[in-house]
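Chemist: Found this in TrEMBL, in case it helps:
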- A:Asp7: active site (ACT_SITE)
- A:Glu68: active site (ACT_SITE)
- A:Asp141: active site (ACT_SITE)
- A:Asp7, A:Asp141: Mg(2+) 1 binding site (BINDING)
- A:Glu68: Mg(2+) 2 binding site (BINDING)
2 protein chains.
Amino acid sequence: MRVLGVDPGLTRCGVGVVEGVAGRPLTMLGVGVVRTPAGADLGHRLVVLEQGLEQWLEEHRPEYVAVERVFSQHNVRTVMGTAQASAVALLCASRRGIPVALHTPSEVKAAVTGSGRADKAQVGAMVTRLLRLAAPPKPADAADALALAICHIWRAPAQNRLQQAVALHATKGRTA
Amino acid sequence: MRVLGVDPGLTRCGVGVVEGVAGRPLTMLGVGVVRTPAGADLGHRLVVLEQGLEQWLEEHRPEYVAVERVFSQHNVRTVMGTAQASAVALLCASRRGIPVALHTPSEVKAAVTGSGRADKAQVGAMVTRLLRLAAPPKPADAADALALAICHIWRAPAQNRLQQAVALHATKGRTA
């Protein structure tokens, strides 16, 4: 399973590609940040972001895209930019017919560290260990994008098992 | 000046094209709504919206696009959808090199009714009068899109005059 994780943002949009299946060592295929000029108008920044994400999709051909789910408990201005950046990521993936999953920050932290309230350093440390990297990816947005991709690889089979269990239970209910 | 007004939304995105200059009667060239299926996943809805807006841009070739500026004082879920829909509008216009202006709801209301706190009915009535239509455009999102386009046509020269006045004042200051 090859997953592109996207930590949406206008100034820095983290991107990371991870390949693997749950229960086996994972491989990092790429990590980086798409930046857009802070002084430019919003429309131009969204175009630059679209071009950047298209390059990542084109080069790595992921089977899934995992995007951080945006909440609005944070600063209002930041949330708007994040929501708009995530819209571009969703659009680029869906336009290519690639399934997109949204994961919350606490789901991602829980997946890679065991705690939904882990800090940036802890997430960075676990991403480094799980992908057997020499050093934590920088900036934090890039590490977060890798954590999103790992989270998606690990959650996908759990979600499948849950669906199978529900289906089995339904069958048993009918045959009992 | 030909302007496409966009009232961003995921369920209904209002679009309206108005041609004219300030101080002359205005002409409506088109009005409508781009709808996306409420039950579909977000990525698919953004793709449908992109295709719909592309059709409007392709058919009417506006020189300017005016989009409602999104605020977050409303319902959180709605604001996210509105921010993401506006991102698609900004992206489509900017990708074609069309300048995009953002106007707040109160700027639009003030432009067409004289009051920044006018209600939907008042905006609809003034849009109908200013564009010499037989009846108010429905739904309200379509009327709002036309109001945005009218607002842009009327505010553009005012902004230019302001810039000229500032420039003149600066020149006088130097020669005094």
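Cβ coordinates are placed from backbone N, Cα and C, and glycine is handled just like the others.
Keep in mind that this is a model prediction, so the values were computed, not measured.
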Chemist: Roughly how many Å lie between the Cα atoms of A:Glu68 (active site) and A:Asp7 (active site), rounded to a whole value?
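Modeler: A:Asp7 (active site) has its Cα 6 Å from the Cα of A:Glu68 (active site).
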Chemist: Just checking, which of A:Asp7, A:Glu68, A:Asp141 (active-site residues) has the fewest C-beta atoms within 10 Å of its C-beta?
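Modeler: Result for the active-site residues A:Asp7, A:Glu68, A:Asp141: minimum number of other Cβ atoms within 10 Å at A:Asp141.
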Chemist: Work out how many Å separate A:Asp7 (active site) and A:Asp141 (active site) at their Cα atoms, rounded off.
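Modeler: The separation of the Cα atoms works out to 6 Å.
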